[in-house]
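Asks: Let me begin by handing over the structure; questions about it come next.
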Amino acid sequence: MRLFLIRHGETVDNVASVYAGSLDSALTSHGVIQARLLASHLAEHAPADTHILSSDLQRAVKTAEAIRDSRRYCAGDDEGARQIQIVSLIREKDFGSDEGVRIGSRMPCGDSESVESMNERVDSFLDNHILPLCHRSSADHGVAVVAHGIILGVLFRRLRHRLPSGAVTSATTDIDLSLSPSWGNTGYLEATLSWSDSEQEASWSAMKLVIHRINSLGHLRGLRKTRGGIGSARFDSGQRTMDSFFAPKKRKLADAPSNRPVLKYYVWKNLSNRCLKSSLNQS
């Protein structure tokens, strides 16, 4: 089973450098573009049958929705892709009284969520959501977890803690497993999770984890933020984009009897990447 641990796109609170764990921070316009580029990338590189789980905070949900929508176009069926499973257990660390406070502006208040509390949440998520998916999955299935930087680090550590000694390896020599992974906006960790005995039901004690990449950001290559503060502004979902001008053409292609899945996917992909073209390849 292929496992993707994904961080959400850039948010207004990321830009403002404030503590935003439980705050329901919105994506910036730049963050939406990041999510669309990630979605196009995963539509090509992740297994066709990929189960998507997301934190309940909107920055993760919106990123997960972009991934889901790209898979719908790839499948050629607006209802064909799996729905997103929203799981509050993987929301970000709660910073308590420091929520919304600029990072470094004062001494931490000390009432933020404890490591023990996050471990408990993540343990429940692994046992009640990931393990059951392993029972039903095979090598050509995928699971994408869309969440937040700190809680993803906790998730990775708790997953490693469950596996036997020596069961976690890297696929390439440039991955240092002695270091704790980190995530940039829309960065993802990709791994293969398998159980050593094909006749045995999936259990943590029988599993192996092979890490293929950590904080992969290749899908953002060439992306530059729009100048003048536009890229850092909160994304306005009601704003008309270039996609809307091409809608009739898109519908016409969708009605074509041949190559419908391929046409729909590439029309969506090209429009998504062109709709804010000024953000790409700017210096």
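Each Cβ is built from the backbone N, Cα and C atoms, and glycine gets one as well.
Remember, TrEMBL labels are computer predictions, not curated facts.
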Asks: Select one of Arg59, Arg68: the residue that TrEMBL places in the substrate site alongside Arg7, His8, Gly9, Glu10, Thr11, Val12, Asp13, Asn14.
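Replies: My reading of TrEMBL gives Arg59 as the candidate in that site.
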Asks: Ten-angstrom check, please: count other Cβ atoms within 10 Å of the Cβ of Asp13 (substrate binding site), all chains counted.
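Replies: The answer is 21.
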Asks: Among the binding-site residues Arg7, Arg59, which residue has the fewest other Cβ atoms within 10 Å of its own Cβ?
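Replies: Result for the binding-site residues Arg7, Arg59: minimum number of other Cβ atoms within 10 Å at Arg7.
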Asks: Quick one: what's DSSP say for Arg7 (substrate binding site), helix, strand or coil?
Replies: strand
